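Enquirer: My structure is below; once you've seen it, I'll send some questions.
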Amino acid sequence: MSFNISNAEILNILLEGGNLDELTSSLLMQRWLNDEISDVQTGAFLSALRAKGCTGVELSSMAEELLKVCELPVARPNLYMVDTCGTGGDGANTFNISTAVAFVAASCGAKIAKHGNKSASGKVGSADVLLNLGLNLNCSLKKVISAVNEIGITFLFAPVWHKSLIKLAPLRKALGIRTVFNQLGPLVNPLRPNAQVLGVASEDLLEPMGSALLKMGMNRVIVVHGSGGLDEASLQGDNKLVFVEKGKLRFSKINILDFNHENIPNDKLVVSGSDSNEEILKSVLNGSGQKSHKDVVALNAALVLWAAGIEDDLHKGFNKALFSINQGNPWEKFLLLKTYLSSDDLISP
């Protein structure tokens, strides 16, 4: 595909249901980054990509362009790191499960580099609830990176690292639908973690997201689509998984019944706003929360412990995570990170 191809020509390919090759996908993202695509065209591209569905090649190519313009202020930590960032956009209004999972997995020994943002198309994002709990996201990038070594977990606030995409946030919010940027968010962690557990809001995203992460060189990945449409493993029924390991994709499923726990409908995980999210997150992390909340976090944490190489047996990982929750260890991990980041209050290299 020629670099002389126009925006309109690229759009026509998508509108006709065609897939973009690696070069054209990269070019499209470069033009977004260089402000060569208008808001009207952006809306059309986002809608066309959503209607067609993105391929692994399109996603990985666009993600690599975003990572090229995201330079680290210091060397990447020489650690085996895991991310728990998912696509969001499932519309279920559950509490921030993946955020809780990050602290639980860290309390079990995983090194977590959690990439996240404020809400784009949902109600409350991971950054929203962490800010409301007092976590300082306005600190130097060096401090953010060093927290992985010092505490075992860090949070990378996406707009700080991907400033070029801030201008698209109002349009994404106005559209109110899942877009390619929901899919790209989990693929562009600046620390380039070695492994990831990635929740997707649509079953159709399982294969392309797994393929994208495989193409980007991830060691171990689980892409999960939860029963009832959650972008997490749920307690309601069968959860569909794609394992990425040793250069291959493997499809599987898990059900909380396999862990000798009962099925619970997704509406038991729903909250009404950020205040409730804060309360639920804290109660899960300190071990005082509802059984259903603790169980769903432990189930997803088991997936992270597999990705981290800590526990290959998901049943043992589930029990390990649940034990840590009931001991209140994840809340202690959160407080350590909160204290560590509070001593630095200047966004700078």
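For all residues, glycine too, the Cβ spot is worked out from N, Cα and C.
Not my notes, these are from Swiss-Prot:
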- G86, N117: anthranilate 1 binding site (BINDING)
- G86, 89-90, T94, 96-99, 114-122, S126: 5-phospho-alpha-D-ribose 1-diphosphate binding site (BINDING)
- S98, E232: Mg(2+) 1 binding site (BINDING)
- R172: anthranilate 2 binding site (BINDING)
- D231, E232: Mg(2+) 2 binding site (BINDING)
Enquirer: Taking each of T94, S98, H115, N117, K118, E232 in turn, which of these binding-site residues have a Cα lying within 10 angstroms of the Cα of R172 (anthranilate 2 binding site)?
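Expert: Qualifying among T94, S98, H115, N117, K118, E232: none.
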Enquirer: Once near-sequence residues are set aside, which residues in the chain of E232 (Mg(2+) 1 binding site), 6 or more away, have Cβ atoms under 8 Å from its Cβ?
Expert: G86, T94, I97, S98, V101, G199, V224, G226, V296, N300
Enquirer: When DSSP is mapped onto helix/strand/coil, what comes out for H115 (5-phospho-alpha-D-ribose 1-diphosphate binding site)?
Expert: strand
Enquirer: Considering the binding-site residues H115, K118, R172, which residue's Cβ sits among the greatest number of other Cβ atoms within 10 Å?
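Expert: The largest 10 Å Cβ neighbour count belongs to H115.
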Enquirer: Drop a 10 Å sphere on every Cβ of the binding-site residues T94, S98, N117 and tell me which sphere holds the fewest other Cβ atoms.
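Expert: Per-residue Cβ counts within 10 Å for the binding-site residues T94, S98, N117 bottom out at N117.
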Enquirer: Between D231 (Mg(2+) 2 binding site) and H115 (5-phospho-alpha-D-ribose 1-diphosphate binding site), how far is it from one CA atom to the other, in Å?
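Expert: Checking the Cα atoms of D231 (Mg(2+) 2 binding site) and H115 (5-phospho-alpha-D-ribose 1-diphosphate binding site) gives a distance of 16 Å.
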